[in-house]
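Chemist: Got a structure for you, questions after.
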Amino acid sequence: MDPSEASIAMYSLKESYSVWDVLNDSPIWQDRIFHLLAALYGLVALVAMVQLIRIQQRVPEYGWTTQKVFHFLNFLVNGARCIIFIYRRDVQQLTPEIARHMLLDLPSLAFFTTYALLVLFWAEIYYQARTVSTDGLRPAFFIINGIVYAIQIALWLVIWWKPIHILVVLSKVFFAGVSLFAALGFLLYGGRLFLMLQRFPVESKGRRKKLQEVGYVTTICFVCFLARCIMMCFNAFDKASNLDVLEHPVLNFVYYLLVEILPSALVLFILRKLPPKRGIVQYHAIR
């Protein structure tokens with residue numbers, strides 16, 4: 001390489017590092033990035049709530065259906081993230097340190113529950129179509145979620161009692177495993193439902209849309225949870241990938257945008273169709 005080209009390359013490299021450092025080390029840019037994340041989460045929460053209200057107005061007589069609970073949980077998760085990022089600097093000052101970990105990680109657990117509910121819904125459709133009993137699916141859903149929450153809470157309590165680094169690493173590795181489990185759940189039941197729908201004739205527009213819907217959501221959620229699993233492994237073992245500090249706002253932005261905000265927005269858009277209205281009663285008994 002020519003010496004002048006080498007010097008230009010070195011200058012560009014130093015310039016990129018300086019820009020990265022300025023963004024990470026500047027309190028102003030930290031606040032801007034965290035507030036931008038808060039705004040994006042708030043927007044997704046608003047969309048989820050509007051959709052929930054529309055569904056309730058369309059079919060109020062059905063109570064809390066899976067679709068309604070899914071949108072309500074989306075609203076809670078994204079609303080909680082919005083508030084946390086608005087007060088991110090205050091959250092960083094919380095003591096003991098475990099309180100900060102709990103506030104940052106609890107919405108992630110709720111995010112897992114939200115999308116595990118979608119896996120449950122698809123599993124029920126798949127087994128019902130094959131005339132297989134689905135009585136054990138909902139208890140299994142609650143048991144799995146209960147075990148995940150119990151282990152995570154136990155880890156938090158142990159870290160609170162004895163805050164050693166290896167326990168924090170173990171907590172992050174555990175959540176990476178939970179994310180991998182969710183990714184495999186989407187691959188298993190989303191893939192099965194997609195293949196089953198493919199075997200049916202798809203001459204109707206509605207059936208084609210359902211096939212595309214399942215395919216898109218399966219792909220988005222599988223990639224989302226797999227990316228979260230990989231990133232949580234880096235987060236556990238590499239200080240440069242630590243998401244729990246103020247000094248990594250760009251990393252936080254990329255991470256939360258790719259594994260929560262963008263997948264949630266896309267899934268809400270794909271599943272935007274309202275349920276059909278209940279049949280209108282045209283004849284009434286004469287009194």
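Each Cβ is built from the backbone N, Cα and C atoms, and glycine gets one as well.
TrEMBL feature annotations, pasted as is:
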type	residues	note
DOMAIN	18-287	domain 'THH1/TOM1/TOM3'
TRANSMEM	33-53	transmembrane segment
TRANSMEM	69-88	transmembrane segment
TRANSMEM	108-127	transmembrane segment
TRANSMEM	139-161	transmembrane segment
TRANSMEM	173-195	transmembrane segment
TRANSMEM	216-237	transmembrane segment
TRANSMEM	253-271	transmembrane segment
Chemist: What average pLDDT is reported by the model for the domain 'THH1/TOM1/TOM3' (18-287)?
Modeler: 87
Chemist: With an 8 Å cut-off on Cβ pairs and a sequence gap of 6 or more, do the transmembrane segment (173-195) and the transmembrane segment (33-53) reach 3 or more such pairs?
Modeler: no
Chemist: Please report, as numbers and ranges, the same-chain residues at least 6 past the borders of the transmembrane segment (108-127) whose CB is under 8 Å from any CB of it.
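Modeler: Residues 66, 69-70, 73-74, 76-77, 80, 133-134, 137-138, 141, 144-145, 148-149, 152, 175, 178-179, 182, 185-186, 189-190, 192-193, 196, 214, 217, 221, 225, 260, 267 contact the transmembrane segment (108-127) from elsewhere in the chain.
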Chemist: For the transmembrane segment (33-53), which stretch among 139-161, 216-237, 253-271 has the most Cβ pairs under 8 A?
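Modeler: Most contacts with the transmembrane segment (33-53): 253-271.
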